[in-house]
Amino acid sequence: MADKQISLPAKLINGGIAGLIGVTCVFPIDLAKTRLQNQQNGSRLYTSMSDCLIKTIRSEGYFGMYRGAAVNLTLVTPEKAIKLAANDFFRHHLSKDGKLTLLKEMLAGCGAGTCQVIVTTPMEMLKIQLQDAGRLGKRKLQTAIGRPHLMPETVAAGTVETKSPTAMQLTRQLLREKGIAGLYKGLGATLLRDVPFSIIYFPLFANLNNLGKRGAEGPAPFYVSFVSGCVAGSTAAVAVNPVDVIKTRLQSLNRASTEDTYSGVTDCIRKIMRNEGPAAFLKGAYCRALVIAPLFGIAQVVYFLGVGEFILSFLPKKDN
């Protein structure tokens, strides 16, 4: 990716395709991450990623693991396209004689992370509500079973139908009640996650990729770009996981009756530290690493193969 000049349309196509493939592959793990991060002490339903996925399949079916996937698949194309294209744009304008210092690499990553939140924040906002709906439904069922005299016979027997709102219904509700700001709840936490992530990821990837280059000017082999993307992605993902936990909690609109609510980032940090301890900030860290590593590894593969350039080659060229 960093070794050859790629046109902006090709970058956008590459980023979009990589996002679509990546999300389809790893979305169930992302769902497990969201549910693990959102459960609090005293309301634990899942003990691990595998336990979460098994219980989700049993109670919601196979496609229950893909709750909220439509939102991601719709918005991941512009999100990844903005992130990757913005990083290349900033790297190009910050470079001198084709070279970048580490500080300028970090600044380029900072610019990319800042640009992408325009799409990331509403996408995450909607996705989290849909992903967590099954966990909340199960919590309500458990509460109902514990007090059968207050609930209908079907609930007391252990069966209940919980309807999850669609992304469009959520969007209309948020716009009606809170305006555009409703879709951007948690914007500050999203910036605190995505800017540091990009500051870590892009310089780390570029330097790891450079280690595998064939000679001083030659491109890195395919497998080096893939491994570099995976390693850099998983490292950055784990590093910013505490902020991801905060963001997930702040963006969750619905909670079980026994779970804390939060008024902002500092309030969320204080309550998590007091009620769950510092280890809670690492909830879902390995899930996040397993999600992010393939996403960015696949992105490097798509760039390496030149999928965007291949598609553009079929379009008629304008005469000068």
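Just so you know, glycine gets a Cβ as well, placed from its N, Cα and C.
Feature annotation (TrEMBL): of 12-29, 66-83, 228-245, the stretch labelled transmembrane segment is 12-29. Helix, strand and coil counts under DSSP for the repeat 'Solcar' (220-309) come to 69 helix, 0 strand, 21 coil. Listed as Cβ neighbours of the transmembrane segment (12-29) (distance under 8 Å, sequence separation of 6 or more from its ends, same chain) are residues 6, 49, 53, 56, 65-66, 68-69, 72-73, 76-85, 287, 290-291, 294-296, 298-299, 301-303, 306-308, 311-312. Here the transmembrane segment (291-315) has long-range neighbours at 1, 6-7, 9-15, 17-19, 21-23, 25-26, 29-30, 33, 80, 84, 201, 205, 222, 225-234, 236-237, meaning same-chain residues at least 6 beyond its ends whose C-beta is under 8 angstroms from one of its own. Confidence across the repeat 'Solcar' (6-93), taken as the mean pLDDT and rounded to a whole number, stands at 86.
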